[in-house]
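Step one of this worksheet: look at the structure below.
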Amino acid sequence: MTSKKLVNSVAGCADDALAGLVACNPSLQLLQGHRVALRSDLDSLKGRVALLSGGGSGHEPAHAGFIGKGMLTGVIAGAVFTSPAVGSILAAIRAVAQAGTVGTLLIVKNYTGDRLNFGLAREQAQAEGIPVEMVVVGDDSAFTVLKKAGRRGLCGTVLIHKVAGALAEAGVGLEEITDRVSVVAKAMGTLGVSLSSCSVPGSKPTFELSADEVELGLGIHGEAGVRRIKMAPADEIVALMLDHMTSSSNASHVPVQPGSSVVLMVNNLGGLSFLELGIIADAAVRSLEGRGVKIARALVGTFMSALEMPGISLTLLLVDEPLLKLIDAETTASAWPNVAKVWVTGRKRSRAAPTEPLAAPDSAAAAGAASKQTVLVLEQVCTTLLGLEEHLNALDRAAGDGDCGSTHSRAARAIQGWLKEGPPPASPAQLLSKLSFLLLEKMGGSSGALYGLFLTAAAQPLKAKTDLPAWSAAMDAGLAAMQKYGKAAPGDRTMLDSLWAAGQELQAWRSPGANLLQILTKAVKSAEAAAEATKNMEAGAGRASYISSARLDQPDPGAVAAAAILRAILEVLQSQGV
């Protein structure tokens with residue numbers, strides 16, 4: 001089965017993609033009749049060397065994203081994963097020559113089609129008297145034994161674009177640029193790994209992987225790699241990649257050793273999430289520095305993709321200060337990242353957390369019995385929430401992302417861990433404030449924020465008094481904060497429905513001689529009834545309000561959880577004979 005692609009046509013997708021980039025970038029122009037993009041200020045390059053690169057489409061933002069002052073003069077694009085036509089390459093060479101440039105360097109990735117087509121265009125241009133040189137980049141570090149075809153050209157080619165562009169911008173001649181980038185090209189290596197294949201528009205995936213496999217050492221055209229390895233944590237995958245690409249037993253290795261200084265590129269092959277990309281980047285930095293390698297610069301992003309392939313490649317370029325200045329030189333190329341011109345290794349990466357205000361100490365007399373009772377209540381609440389995890393998740397799947405139970409379990413485990421550290425504060429205000437901070441930090445999601453708001457606000461009336469009227473006022477303050485920031489109201493099918501129903505009953509605590517347990521029992525029953533009633537409500541707030549079917553046949557999981565918490569509190573207090 002062919003994959004779905006957002007294209008107008010398979011045949012025209014490469015043209016449309018390049019046209020879209022040029023349409024949105026005033027500094028680029030298309031060469032009429034050819035799939036060629038050039039700098040729109042081409043005439044300003046008179047007397048300087050022009051840099052042309054290119055290859056098959058499907059590697060975006062390469063190659064057109066690297067056109068600009070300080071990088072490429074232009075690119076020639078082929079169809080998806082197909083070398084560009086000789087005629088278009090020659091037309092691009094003629095265009096930059098007729099604009100007054102003093103020579104052209106072709107930067108070509110080491111693939112047979114690219115070598116042949118760019119090479120033929122070069123020969124024809126030289127026959128016309130145009131000075132043209134060609135550098136073939138092969139930075140693939142996958143092959144332990146080199147074959148006649150040599151190392152494939154991968155993401156490291158982008159670094160050659162940058163170095164050559166900086167030299168050309170500085171007015172360096174064609175021969176010197178060619179010599180210098182040829183040396184740089186030999187001082188780098190790239191290795192890729194993928195979780196699955198990509199698919200060319202109109203075609204099926206180029207290879208298949210089982211659920212527990214990843215492909216190591218693949219190219220950028222969907223071709224299979226050198227071997228398949230078992231799925232493993234990101235740290236292990238990155239360590240394996242770095243071991244492979246730096247091992248002296250590997251004929252295509254990059255000679256990185258302890259004490260070496262490198263530029264690191266972490267390249268998204270097209271379909272990897274930014275979350276995973278950050279995890280891989282962190283693993284790469286830690287692994288390299290753990291080997292004694294100094295990272296001068298770290299470039300993280302999508303530089304040379306393989307359509308939608310979910311994978312990454314790592315590139316290491318050995319650098320010294322003169323080469324680093326070329327990497328740091330200014331460029332207007334849209335796809336080159338804005339990298340800080342400071343060393344990655346040796347930089348302080350964390351700042352001390354702010355100190356928390358000191359809480360008033362509990363009186364020794366109040367601490368004993370109150371703390372024991374508080375521990376029993378909290379333990380029962382935690383046990384209840386952990387037991388409801390799967391039920392709450394099931395309820396949440398109908399209206400949300402199915403994690404309500406997991407979120408509440410995360411809170412329960414955080415409270416259990418906190419209780420192990422020592423007795424909780426005896427002061428109700430301090431207790432609620434501590435619980436608020438804990439849930440805000442550990443629970444996550446909108447539930448964590450709402451509980452945090454509720455507890456923070458509820459703590460305020462309890463600073464002065466802790467009698468039953470104060471607890472009723474605390475409930476009202478918490479509900480008011482939830483409504484103010486959460487925007488929900490009673491009847492909107494949220495956790496507020498349960499808490500609101502309980503709060504209405506707890507108003508009776510303000511009457512002289514009120515009975516704590518009798519009123520709390522009524523409050524819990526009202527909360528449970530309100531939770532059950534949410535299944536007949538139309539969602540007016542929260543994630544469920546976006547569901548197309550306005551009425552849902554299951555109660556709101558947040559309301560169920562809130563009612564269960566109140567029930568757990570009641571049961572402990574009843575057992576204690578309060």
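Glycine is treated like the rest: Cβ placed from N, Cα and C.
Remember, TrEMBL labels are computer predictions, not curated facts.
Noted in TrEMBL for the protein shown:
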type     : residues                                   : note
ACT_SITE : HIS221                                     : active site, tele-hemiaminal-histidine intermediate
BINDING  : GLY56, SER57, GLY58, HIS59, LYS109, ASP114 : substrate binding site
DOMAIN   : 9-336                                      : domain 'DhaK'
DOMAIN   : 372-571                                    : domain 'DhaL'
Please give me the binding-site residues out of GLY56, HIS59, LYS109, ASP114 that lie within 10 Å of HIS221 (active site, tele-hemiaminal-histidine intermediate), comparing Cα atoms only.
GLY56, HIS59
Please list, in sequence order, every residue of the chain apart from GLY56, SER57, GLY58, HIS59, LYS109, ASP114 whose Cβ lies within 8 Å of the Cβ centroid of the substrate site.
GLY54, GLY55, ALA62, HIS63, ALA77, GLY78, VAL80, PHE81, THR82, SER83, ILE220, HIS221
Just jot down the residues in the same chain as ASP114 (substrate binding site), at least 6 apart in sequence, with C-beta under 8 A of its C-beta; none if empty.
GLY55, SER83, VAL108, GLY153
Give the sequence-ordered list of residues that share a chain with GLY58 (substrate binding site), lie 6 or more positions from it, and have CB atoms under 8 Å from its CB.
ALA14, VAL80, PHE81, CYS198, VAL200, HIS221, SER305, ALA306, LEU307
Across all protein chains in the structure, which of the recorded positions GLY56, HIS59, HIS221 has the highest Cβ count within 10 Å?
HIS59
Cα-Cα distance, maximum over GLY56, SER57, GLY58, HIS59, LYS109, ASP114, record's substrate binders, Å:
15
Number of other Cβ atoms within 10 Å of the Cβ of LYS109 (substrate binding site) across all protein chains:
31
I'd like the Cβ neighbour count for SER57 (substrate binding site), meaning other Cβ atoms within 10 Å of its Cβ, all protein chains included.
25
